[in-house]
Amino acid sequence: MEAAEGSENYDGIQVLLSREVIDTAPQCPHGPTLLFVKVSQGKEQGRRFYACSACRDRKDCHFFQWEDEKVSQARLAAREEYNKSHQPPMTHAEYARSFQEFTALPLAKRKFCCDCQQLLLQTNWETHSRHRVLGDISLSQLKRPSQLLHPLENKKANAQYLFADRSCTFLLDTIIALGFRRVLCVGTPRLHELIKLRACKGTTPPIKSLLLDIDFRYSQFYSEEEFSHYNMFNHHFFGGEAAKLVCQKFLQEEDGNGALLVTDPPFGGLVEPLAFSFKRLREMWKDSNPENANNLPIFWMFPYFFESRILQCFPDFAMLDYQVDYDNHALYKHGKTGRKQSPVRIFTDLPLDKIVLPASEGYRFCSVCERFVCSENKHCDICNRCTSKDGRSWKHCSQCKKCVKPSWSHCSACNHCALPGHPCGTAGDGCFLCGGKGHKRRGCPHLSVSADGERMKRNLKQRSIKGNMKKQPTATTSKKKKRKRNNPC
């Protein structure tokens, strides 16, 4: 068994990744599950278990199975039936035929159900008569499905934050300037839309794009050559081998030349499974020319504080200063300053000096670092580089021998820089509660002696309060219990 390539041993839950594990893993509605294990002091603790690759909360996907658990044939059959029942109601080919019928309708008969997020043919009107329905859907609206569809906003599953037009335009202009002519859009529907819109207008060199996304709703708007239902956390094509071949053919056109992978994963997702999937996509690209020493170039959008994790998986990557903005995120928007700026950056293996950041948005070229940086990112002569990560001017600490955030100061007790007023001695690899080594807070003996007694008292008190309320069970709660019993996972 191999751990994620480049992953470090750390306390907590760790994912174990290999091609063999994913190919033989049990499946949930989101494809092959991932194998996890609890790790303490770099060593496995307890039994390994399978859980959903896409959802971090068991409320969103109930799947759980011990690695060594014996599963009956009846349970396997029930699980397979359950997985099938949670797939899209139509195949991609059926959606494509429906879309052709829809576009042939006159404007007055083109309707979209806002509640079901579905394009409606006349045969569906009666079924959706009590729903919120949008009429007169124009052809231009059909070319911008990300503006028609409600973004998925579950932060622990498939949260969709869509590029603002400013960032999307910058990305496409940069892609064109770098000479790429085919873009594999993994979780970037806005970029896919813009590429297709510009291709229709003929205002830019011809660029092709293929969208891979876990949101099957895009099947309503794009053909099988334009979109594949895909889970980037386990490299699973829901359309099977046919969809995988479409992607492989797209990557291998012109012997793989001129192709670029652009991805914008959910920020709460594990870095290691994502990197594993991107490496699998690189392998698909390389099959066209196995002797090619190069790799499929990547633009990976992710918060800057994941830099170390990404560099563990891709040591040849570097982070751009460009701040990626989103339309439907309260904080990640252009124009904010200081710590409220968007923390999302672009990680890439392309030469940084070739990527020009717009001066109109406050970026400048550092001749020493040979790359474009944020205007507030001052060059440190001691570190010999522009050191800021968050858009503010950082300061050099001679004792730490590195630049730190402007709000930090050196703590002689901790022997490193931190926020003023921080609790000394709680940082590090030991226990947060007592500061001891060899265990974490959950396994602290002091917690079991003192805190557990108080917690038990609180629980008993809460139970007595609930008992006194004499609340009658509602229909909704009984339904929830029934659903839980019927779940085969």
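Backbone N, Cα and C atoms are what each Cβ position is placed from, and that goes for glycine too.
On a predicted model such as this, the values are computed, not experimentally measured, just so you know.
Copied over from Swiss-Prot, here are the features:
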type: BINDING; residues: C28, H30, C52, C61; note: Zn(2+) 1 binding site
type: ZN_FING; residues: 28-70; note: zinc finger
type: BINDING; residues: C113, C116, H128, H131; note: Zn(2+) 2 binding site
type: BINDING; residues: Q160, Y161, L162, F163, R190, D213, N231, M232, D264; note: S-adenosyl-L-methionine binding site
type: REGION; residues: 323-343; note: region 'Regulatory loop'
type: BINDING; residues: C366, C369, H379, C386; note: Zn(2+) 3 binding site
type: BINDING; residues: C380, C383, H396, C403; note: Zn(2+) 4 binding site
type: DOMAIN; residues: 381-431; note: domain 'DHHC'
type: BINDING; residues: C397, C400, H410, C417; note: Zn(2+) 5 binding site
type: BINDING; residues: C411, C414, H422, C424; note: Zn(2+) 6 binding site
type: ZN_FING; residues: 429-446; note: zinc finger
type: REGION; residues: 455-489; note: region 'Disordered'
type: COMPBIAS; residues: 478-489; note: compositional bias 'Basic residues'
Point to revise | Coarse DSSP state, helix versus strand versus coil, of C424 (Zn(2+) 6 binding site) | key: coil
Review point. About how far apart, in whole Å, are the alpha carbons (Cα) of C400 (Zn(2+) 5 binding site) and D264 (S-adenosyl-L-methionine binding site)?
Key: 34
Exercise for review: Tell me, roughly as an integer, the mean pLDDT over the zinc finger (429-446).
Suggested key: 51
Review point. Compared by Cα position, which of the binding-site residues C386, H396, C414 is the closest one to R190 (S-adenosyl-L-methionine binding site)?
Key: C386
Check your understanding: Counting other CB atoms within 10 A of each CB, which of the binding-site residues H131, H379, H422 comes out lowest?
Key -> H131
Check your understanding: Can you count the other CB atoms that lie within 10 A of the CB of C52 (Zn(2+) 1 binding site)?
Key -> 26
Point to revise | DSSP helix/strand/coil residue counts for the domain 'DHHC' (381-431) | key: 0 helix, 14 strand, 37 coil
Point to revise | Residues satisfying Cβ distance under 8 Å from N231 (S-adenosyl-L-methionine binding site), sequence separation of at least 6 | key: H30, G31, S53, A54, I214, F238
